[in-house]
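**Student:** From TrEMBL, here are the annotated features:
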type: REGION; residues: 1-36; note: region 'Disordered'
type: COMPBIAS; residues: 8-36; note: compositional bias 'Basic and acidic residues'
type: DOMAIN; residues: 44-448; note: domain 'Amino acid transporter transmembrane'
type: TRANSMEM; residues: 46-65; note: transmembrane segment
type: TRANSMEM; residues: 71-96; note: transmembrane segment
type: TRANSMEM; residues: 121-142; note: transmembrane segment
type: TRANSMEM; residues: 173-190; note: transmembrane segment
type: TRANSMEM; residues: 202-223; note: transmembrane segment
type: TRANSMEM; residues: 243-262; note: transmembrane segment
type: TRANSMEM; residues: 283-302; note: transmembrane segment
type: TRANSMEM; residues: 331-348; note: transmembrane segment
type: TRANSMEM; residues: 369-388; note: transmembrane segment
type: TRANSMEM; residues: 394-416; note: transmembrane segment
type: TRANSMEM; residues: 428-448; note: transmembrane segment
Amino acid sequence: MTVGDITPNKEKGSGRSKHVADEKAPLIPKQQDEDAGHDEFNGASFIGAVFNLSTTIVGAGIMALPATMKVLGLILGVALIIFMAFLTDASIEFLIRFSKAGKTTSYGGLMGDAFGKYGKIMLQICVLVNNIGVLIVYMIIIGDVLSGTSSSGVHHAGVLEGWFGQHWWNGRTFVLLISTIGIFSPLACFKRIDSLRFSSALSVALAVAFLVIILAIAIFKLISGTVVMPRLLPDVTDLTSFWKLFTVFPVLVTAFICHYNVHNIANELKDKNQIGAVVRTSLASCSIVYIFTSFFGFLLFGDATLGDVLANFDTDLGIPYSYLLNDAVRVSYAAHLMLVFPIVFYPLRINIDGLFFPSASPLPQSTTRFAFITSGLLTLIFLGANFIPSIWVAFQFTGATAAVCLGFIFPAAVTLRDRHVISRKEDRMLAIVMIVLSVFSNMVLVYGNAISLLKKNQ
């Protein structure tokens, strides 16, 4: 259903009827009447949708996965990645199935259908918190990679500083300003998510390039006999090492979060019935990238694998052209995040518009509102990444909570609410598992972050 399918409301005096029409209208129409004369859009392709959803999934979290193998061992680590992919597929299937039953075409509309106005508002707030936090963290990482960082008390030179030395033009603030104006802003101005399919394809290619570099280095060192086969099972020797196993759950639980973009991508598909296949193809592709990155990252660095494996590429790898390969990894990763940025920004803008302008016309039809929200969000993210030093700490607490709500708690709650009486017994049991796992993951994460913060301040 598109905006063009919605007939004028015959009961003009009925505010309720008008609200229902707005609620169930797609966020991005297949073809705007205003644009029909010069921008015909016949629907997104299957492969373009796969690229966009895969880019939504593979963000910065890929760098933390090798460290999960160090804790869990290869067998348990790979098994949990596969398990989380299947659990994510089930949670998205809940969203799709209940959206069809309620004839809703957005995540917010689904939450509104199940829990009313406040359910929709809660969803929008979670997208706001999660996506703003993610985008600020992306910008912080890009600044660290390109311009260096001294946040830990020790200065780590960025790629540009290593190449050209310290200058005003490769300082952190200026580099991020140029990135925002020259890269983020143009990509953020697309009014359809399908328009990002080419940048998403390049983003996926850069993630694969990162994997290929790690693979090549690991094979070289394996042949030369400088690496050993990593542990297959976790090393549990006492109660402390046992509890450490649970610290990786938050990383794995949030590794496949992409739910806030599923409806946006589905609305633009030429054949909307393909969305299930798009989701499964994306999850399978990302699972393969995750498993190989985790395996070869852990194989390469062993017990020296850091929580963010990118930090391992800040030293001599003990192979020819080591520093050139280090720079290739870091630059490709920074470029990857730059291209992930607009795909995460897209649903943020839509949900901000729905939160603050719930009765307005669809966002793409209002150039002024579109420009105002886009420029305001980009400015907020830029300022947050440059001038609020403690913001990363804050989002370690709030961001993870919002992410698991979007990925598992909300889909499970909609299933248990079962407003249209379509859930099966196994659906309800799986929904309970999702909620328990999400709450447990959040408790572990909040406890771990609180302990780390207390130790740091002592």
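The first residue you see is number 1, and the count goes up from there.
Glycine is treated like the rest: Cβ placed from N, Cα and C.
All TrEMBL annotations are machine predictions without curation.
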**Student:** Looking only at residues six or more beyond either end of the transmembrane segment (121-142), which have a C-beta under 8 A from one in the stretch?
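**Tutor:** For the transmembrane segment (121-142), the sequence-distant neighbours (Cβ-Cβ under 8 Å, at least 6 residues beyond its ends) are 59-60, 107-108, 111, 115, 176, 179-180, 257, 260, 310, 334, 337-338, 340-341, 344-345, 347-348, 351-352, 354-355, 377, 380-382, 384-385, 391-392, 394-395, 398-399, 402-403, 405-406, 410.
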**Student:** What stretch, picked from 46-65, 71-96, 283-302, has the most CB pairs under 8 A with the transmembrane segment (243-262)?
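**Tutor:** The listed stretch sharing the most Cβ pairs with the transmembrane segment (243-262) is 71-96.
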**Student:** The transmembrane segment (173-190) and the transmembrane segment (46-65): do they have three or more Cβ pairs under 8 Å, with pairs 6 or more apart in sequence?
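**Tutor:** Between the transmembrane segment (46-65) and the transmembrane segment (173-190), contact is absent.
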**Student:** For the transmembrane segment (202-223) and the transmembrane segment (283-302), decide whether they are in contact, meaning at least 3 CB pairs lie under 8 A, counting pairs 6 or more apart in sequence.
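**Tutor:** Contact between the transmembrane segment (202-223) and the transmembrane segment (283-302): present.
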**Student:** Should anything in the same chain at least six residues away from the transmembrane segment (394-416) have a Cβ under 8 Å from its Cβ atoms, list it; otherwise answer none.
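**Tutor:** Long-range Cβ neighbours of the transmembrane segment (394-416): 87-88, 91-92, 94-95, 98, 107, 110-111, 114-115, 123, 125-127, 129-130, 133-134, 136-137, 250, 253-254, 256-257, 259-260, 423, 427-428, 430-432, 434-435, 437-439, 441-442, 445-446, 449.
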**Student:** Top stretch among 173-190, 283-302, 331-348 for CB pairs under 8 A with the transmembrane segment (71-96)?
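**Tutor:** Stretch with maximum Cβ contacts: 283-302.
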